[in-house]
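The block underneath contains the structure these notes are about, expressed in structure tokens.
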Amino acid sequence: MRLLSPVTGSKLVLLFLFLGAVRSDALKLNLTDSKGTCLYAEWEMNFTITYEALKVNETVTITVPDKVTYNGSSCGDDKNGAKIMIQYGSTLSWAVNFTKEASQYFINNITLSYNTNDTKTFPGAVPKGILTVIIPVGSQLPLGVIFKCSSVLTFNLSPVVQHYWGIHLQAFVQNGTVSKHEQVCKEDKTATTVAPIIHTTVPSPTTTLTPTSIPVPTPTVGNYTISNGNATCLLATMGLQLNITEEKVPFIFNINPAITNFTGSCQPQTAQLRLNNSQIKYLDFIFAVKNEKRFYLKEVNVNMYLANGSAFHVSNNNLSFWDAPLGSSYMCNKEQVVSVSRTFQINTFNLKVQPFNVTKGEYSTDSQDTIPSQAIKMKRTIIFRVPFHFSS
């Protein structure tokens, strides 16, 4: 394993600000607008990357120094999201984006790209090119506070292990001044801070990187309404968690309704609800009428990007879930798992749906907990995401 030493970057075009005593290699960013500070961030991070060489896998750890460029970083506003973007020469780029809604903002995706054409950093790499890892975060913070976390937060998913620590963060700063009100991460309250150890020896070729096991948070419940002309024709309320197993590696993703778009359509015999966001190209729920008396979930289609940047898509038009009489709604507050395929399941929470015969834009009488005979089961699992915990 090689530890890269800091390299000289181009002149920074942004203003940097020190708040208190920090390590000299911490990244520090203070974006300003006409009112003063609009986005403040201070943190440290490193990445351990395992890449394929000619005969064996090699591993390199990159400690990102303070001398980087921040081209493309922006403050954002009520209509546009904020971004932090970092370039470490031609070797590595890193970005995180934020969106604002009401009295809170969301940390959406973290994107890491590294260039194996850099033969000094990745000697003997096969294949060569720019590889990208996308991490869906989906966490939220209140406006008007600065988030702090000294503890090491780890995202561990082959082929990259990511560490973050010494975090001071406030996006969408109000009135041009960084807040004095703090929100501390859960890890700082429960564990002693230990900086990540960087080994100077190469792991054996049999060493594997396994995902971190973190308890799954319950997804936020979203409300989705589809209209046909001026009349509401489909209502859905549910928290959604996508469970994907790709090459025996599970990937869990909570859908955040605040940053998710939805569309749909209604026909006499079918109705569709389609969700999409920056991670999901589309997620379709298609309902059908059965025997002119009942409705059910007949089809689910998904096309999305996984944390490792690969595309994932599954379709199944032979399902039989959420069965209920026409003129009523299907409701189940318990956690359910809808099995779409061997590699794709959907966990639902506080589910309520009515795709036909909606009157005055409101749900009708509930048909509760009529769980179909297909594989729906209660379960808890692990989630792969940067484990930010936002607790005061």
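From the backbone N, Cα and C atoms, a Cβ is placed for every residue, glycine too.
Cross-referencing Cys149, Cys233 with TrEMBL gives Cys149 as the cysteine bonded to Cys185, criterion being a recorded disulfide. Sorting the disulfide-bonded residues Cys149, Cys185 by the number of other Cβ atoms within 10 Å puts Cys149 first.
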